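Listed in Swiss-Prot for this protein:
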- 32: active site, nucleophile (ACT_SITE)
- 35: active site, nucleophile (ACT_SITE)
- 32-35: disulfide bond (DISULFID)
- 2-105: domain 'Thioredoxin' (DOMAIN)
- 3: N6-acetyllysine (MOD_RES)
- 8: N6-succinyllysine (MOD_RES)
- 39: N6-acetyllysine (MOD_RES)
- 62: S-nitrosocysteine (MOD_RES)
- 69: S-nitrosocysteine (MOD_RES)
- 73: S-nitrosocysteine (MOD_RES)
- 94: N6-succinyllysine (MOD_RES)
- 94: N6-acetyllysine (MOD_RES)
- 26: site 'Deprotonates C-terminal active site Cys' (SITE)
- 33: site 'Contributes to redox potential value' (SITE)
- 34: site 'Contributes to redox potential value' (SITE)
């Protein structure tokens with residue numbers, strides 16, 4: 001299941017409550033073609049990796065989070081463990097997304 005983040009406090013709450021679990025963040029926008037293309041795959045990964053927390057942040061709705069996380073383009077995927085960023089890449093690369101999750105588990 002993918003959780004939609006609506007506020008900076010909700011974002012921080014997910015990072016804090018994840019504990020030792022990996023958190024994968026999809027920074028996207030409704031107008032972004034590649035974001036729409038990879039979204040079903042991101043949701044499928046959330047079913048496959050049920051020990052990983054998957055969240056989506058709309059950069060237009062949550063500009064403060066996008067700015068704080070230094071998101072420059074969409075989609076950007078960031079990976080957090082124990083509240084710390086442990087990985088990041090940009091672009092709708094399905095293979096890289098799944099490989100990065102496997103690597104960080």
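Using N, Cα and C of the backbone, Cβ positions are placed for all residues, glycine too.
Overlay of Swiss-Prot feature records on the structure.
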residue : record                                         : DSSP (3 states)
3       : N6-acetyllysine                                : strand
8       : N6-succinyllysine                              : helix
26      : site 'Deprotonates C-terminal active site Cys' : strand
32      : active site, nucleophile                       : coil
62      : S-nitrosocysteine                              : coil
69      : S-nitrosocysteine                              : coil
94      : N6-succinyllysine                              : helix
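Around residue 33 (site 'Contributes to redox potential value'), taking its Cβ as the centre, 9 other Cβ atoms fall within 10 Å, counting all chains. Counting every protein chain shown, the number of other Cβ atoms lying within 10 Å of the Cβ of residue 8 (N6-succinyllysine) is 14. Neighbour count (other Cβ atoms within 10 Å of the Cβ, all protein chains): 21 for residue 35 (active site, nucleophile). Between the CA atoms of residue 35 (active site, nucleophile) and residue 62 (S-nitrosocysteine) there is a gap of 16 Å, rounded to the nearest whole number. Within 10 Å of residue 8 (N6-succinyllysine), counting C-alpha to C-alpha distances, fall the following of the recorded positions 26, 32, 62, 69, 73: 62. Here the recorded positions are 32, 34, and the one ringed by the most other CB atoms within 10 angstroms is 32. Around residue 94 (N6-succinyllysine), the same-chain residues at least 6 positions away in sequence with a Cβ under 8 Å from its Cβ are 38, 41.
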